[in-house]
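Visitor: Supplied in structure tokens, the structure appears directly below.
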Amino acid sequence: MDDQQTWRRRTLLRRAGTGALALATLGGATGTGTAAVTDADSDESGPAARQRPSASPTQWPQFQADAVNSGYTETPGPVEGSVAWQFDTGDPGQSTATPPATGTPFGEPPDDARDNVVSSPAVVDGTVYVGSNAGYLYAIDAVSGEETWTYETGEEVMSSPAVVDGTVYVGSHDGRLHAVGADSGEREWAFEADGPVFASPTYRDGTLYVGTQAGSMYAVDTAGEKVWQRSVADRVDSTAAVVDGTVYVGLWNDDRTGSVVALDAANGEQVQEYPASGEIACSPTVLDGVVYFGDYARTIYAVDTGTAELVWGRQFDGEILASPVVVDGTVYVGGFDGTLWAMNAANGDIEWSYATGDQIFSSPAVTRDAVYVGSADHSLYAIDRETGKELFSVETGRPVLSSPAVTAGAVFVGSSDSRVYAVGDPTGGESVSATPPDATDDSPTGTAPVGGSGETTTGDGPGFGAVGALGALGVGAWHRLRAAGSDGDE
């Protein structure tokens, strides 16, 4: 019991950047019915995906949208911060959607923090699937916000669901991977793992890949049968990225070390390791033969997947729990310093930064025009992708640790105030350009109603704190990390 309580306390503040927080194909295919994920949804070649996948305009079927944790969709999201509905998870079976009072906060959050929504939503065929710390998985109508069904696991659900061919897969603190009928809410099976499952399952080619707080990685087929199991670390908070037959996942060790390992998807054998300076809770993403990830030593890494050579690394003022998103040559990621960063994917140079009012656990969701991210300052932010200027922010009752999911015209996100929010137009109405009227103004813009500075900064000049002082991680330091890691190779 003491161990479980320790897990819960320590993990709540780690999970938002991981697969639990903290979604299942490379291309986010729509399929038919609730067949949100298919196996032939992208054209891959080489050591990693050559093109950035994109979620369907109406689907976001797993954590960060797809099997490579891309966090990207071509569809435009909302550019005005109107709340369509809020769903209160505090009373399972009687939860209802309520429209917010215009221009006012959303009232006092429930007293029971166990209702926190740290899980990140999946959205498939007009239904939002999300878990809560009260031990429930919810299906919510995406348009009305009304509850369709609830499923009880009995322990916290920080994991984010993956929705595949009419089945919802989600991990729980009860140490099980649950399979639930997407339409019925009835259990299909529950797979017993060796520890609490806070990471989110990643689906690829008929198999689910997921890690546990006991340090194992599992491959489980859609019938609930174990394909393989491998002990990889003291705990696995990270949600795996699965690309071209390889599973990439971040590791957390109690001696404050970490790395990303590459495992053979067929048998779990380690094929490569990418060392880091600290523990890894974030989920990696892979694009064009490069794996991107951050660690507790406040560093973002870009590493060649084949050679394990460092492409670049950059250190910041705060730990990195959120997962990076790489789109059109830019890396977007938030950190414990409360800043959302946009960096050149080729060399790590800063393009712009936006300061929120508190730590960022939430992994960003990126559309063709905007970046959406939650902050511990209680707000969801929409930031112009090109300029780094704020489009809007929406205040909730408590920190937003959940990572947003985007479908046509709407963003869905959980909050620690025990609620799920739909922002924008869930009916899929057209969204206008995300460029604000003053986009040509070079002065910082934006407001942060819950304490954020609202400041947008461009370039590597003053205001970048440790980034300007420390710059890129030295290649020599990277080689020392690799040498130290090789001492313990099997």
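Each Cβ is built from the backbone N, Cα and C atoms, and glycine gets one as well.
Pasting the relevant annotations from TrEMBL:
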COMPBIAS  53-62  compositional bias 'Polar residues'
COMPBIAS  92-106  compositional bias 'Low complexity'
COMPBIAS  449-466  compositional bias 'Gly residues'
DOMAIN    80-234  domain 'Pyrrolo-quinoline quinone repeat'
DOMAIN    288-357  domain 'Pyrrolo-quinoline quinone repeat'
DOMAIN    363-424  domain 'Pyrrolo-quinoline quinone repeat'
REGION    28-114  region 'Disordered'
REGION    423-466  region 'Disordered'
Visitor: Kindly state the mean pLDDT of the domain 'Pyrrolo-quinoline quinone repeat' (80-234) in the predicted structure.
Guide: 89
Visitor: Using DSSP, how many residues in the domain 'Pyrrolo-quinoline quinone repeat' (363-424) fall into helix, strand and coil?
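Guide: Grouping H, G, I as helix and E, B as strand yields 0 helix, 33 strand, 29 coil.
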Visitor: Quick one: DSSP breakdown of the domain 'Pyrrolo-quinoline quinone repeat' (288-357) into helix, strand and coil?
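Guide: Split by secondary structure, the domain 'Pyrrolo-quinoline quinone repeat' (288-357) comes out as 0 helix, 37 strand, 33 coil.
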